[in-house]
Amino acid sequence: MESQNILIKNAKILNPLGNGKTEEKNADVLIVEDKISEINKEIEESNAEKIIDASDKILMPGLVNTHTHISMSLLRGIADDLELDSWLNDYIWPMEAHLNREYCYIGALLGASEMIKSGTTCFSDMYFYMDGVAQAVEEIGMRAVLSYGMIDFGIKEKRENEFKENISLIKNHNNTADGRITTMFGPHSSYTASVELLERVRKEADRYNVGIHIHMNETMKEINDSKEAHENKRPFELLDSIGFLNSDVVAAHCVWLDEKEINLIKNNDVKVSHNPCSNMKLASGVAPIGELLKENICVSLGTDGASSNNNLDVFDEMKFAALLQKVHTLNPKLANADEVINMASYNGAKALNIDAGAIEVGKKADLILLDTKHPNMTPQSNTLSSNLVYSANGSNVDTTICNGKILMEGRKLLTVDEEHILSEAKRAIIEMKELKEAESE
Ligand SMILES: O=c1[nH]cnc2c1ncn2[C@@H]1O[C@H](CO)[C@@H](O)[C@H]1O
Ligand SMILES: [Zn+2]
């Protein structure tokens, strides 16, 4: 893709400030190469090769999805209305046994198309055949943090294989695609990974200087099982006892936490990825977001996979995040629109250690424009945050820019052939279902 300077004229800007607040302003924004280079009232048009008139548009940072399994977009709708344990064991894992690199590549293109079309510019993934996922990210132009989902169930040979996979992902893809792709270790959870695996992950993450992406405290069953297996230790206590916790850990879910665990998260600066849709759909529970925010813990948002959501629209996730806390605590002020905008942008970027998530000079140009000329965006609310969290949805996104390149304009994907991706995805899931049928015969 050619790099061209882009000038966004007359935008209404919503900028998250990182303290749970946002600011609104009207200005022009100039993008030079991969960065925001100027924000001013009137920027000369001669500075840019490409001019976008944003008179009827809202400009905000591209959304950051800090926990997903992108290729699970192929498994959308294959198993609904189940709790986590049965969902995984009886439906998802048997189907995932038939994945291969090609399917994960197609699934990643499908998921990435959906994310770009709903205003997400960066995601953190934990899955399999990550080389295929990396190829999809390279081609489509998003930003991503990739990890391999390591599961050993205490089996030594399996453990060796998991390290081989995750380390080869790091060696082949960390800091590639013009810096759009970085990597992490992805130990699946403390119930599927042994203490030996988790201890070694900590050492290797330090050695390779990458972060760690893990599922934590998702269900009550997980807490009870952990206490039974590990001398009454809850999952965060177990990880603390082996020196695992640090500011580079992104912990997905964090639904069932006691006071001691919240302190461990705070004292170790662990980053939380809140996944309200998945937690509601799998009937896992309600994360104590109010308590976490009170402690100034960095809370970001994730969709989880499309098989427990069932879409990858972070606008939906923002609305659910706000509403769930209100109905659960009977406090309408909790998780207000400004806080939720910060979670989905500024905090997400911070959790993933990327230099984006805000509209500031010098930040990466990961930006989206929403069209206000839609019935659901009319009239304008008192604040832009209110419009974006309570009224908008992903299909109001008109333009998506990542690393200074336009990936979607006027709702058309520019880097890939969307129709081809949709037909390939349909073919892939039919083939997988046939493979599964054949196996059970
Ligand atoms: O909410 C979840 N909790 C636990 N595991 C999950 C969830 N969503 C997806 N996976 C599973 O995690 C593995 C990838 O590392 C996959 O097996 C995926 O199905
Ligand atoms: Zn997950």
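Each position is counted from 1, following the chain as shown.
Placement of Cβ uses the backbone N, Cα and C atoms for every residue, glycine included.
For His67, His69, His215, Asp304, the entry in TrEMBL reads Zn(2+) binding site. According to TrEMBL, the feature substrate binding site maps to Glu96, His188, Glu218, Asp304. Here TrEMBL flags 58-407 as domain 'Amidohydrolase-related'.
Shown here: features listed in TrEMBL, placed on the structure.
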residue	record	DSSP (3 states)
His67	Zn(2+) binding site	strand
Glu96	substrate binding site	helix
His188	substrate binding site	coil
His215	Zn(2+) binding site	strand
Asp304	Zn(2+) binding site	coil
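Spacing of Glu218 (substrate binding site) relative to His69 (Zn(2+) binding site) is 16 Å (Cα to Cα, whole number). Reported as a whole number, the C-alpha separation between His67 (Zn(2+) binding site) and His188 (substrate binding site) equals 12 Å. Neighbour density for Asp304 (Zn(2+) binding site): within 10 A of its CB lie 27 other CB atoms from the protein chains shown. Excluding His67, His69, His215, Asp304, which define the Zn(2+) site, the same chain contributes Thr68, Met126, Ala252, His253, Ser273, Asn275, Ser278, Gly302, Gly305, Ser308 within 8 Å (Cβ to the Cβ centroid), listed in sequence order. Counting other C-beta atoms within 10 Å of each candidate's C-beta, the binding-site residues Glu96, Glu218 are led by Glu218. His188 (substrate binding site) sits 11 Å from His69 (Zn(2+) binding site), taking the CA atoms of both as reference points. In this structure the alpha carbons, written CA, of His69 (Zn(2+) binding site) and Glu96 (substrate binding site) are 12 Å apart.
Looking at Asp304 (Zn(2+) binding site) and Glu96 (substrate binding site), their Cα atoms lie 16 Å from each other. Separation of the C-alpha atoms of His215 (Zn(2+) binding site) and Glu96 (substrate binding site): 18 Å, rounded to the nearest whole number. The binding-site residues examined here are His67, His69, His188, His215; by Cβ neighbour count within 10 Å, the least packed of them is His188.
Taken in sequence order, the binding-site residues Glu96, His188, Asp304 that lie near ligand 2, meaning a CB under 6 Å from one of its atoms, are Asp304.
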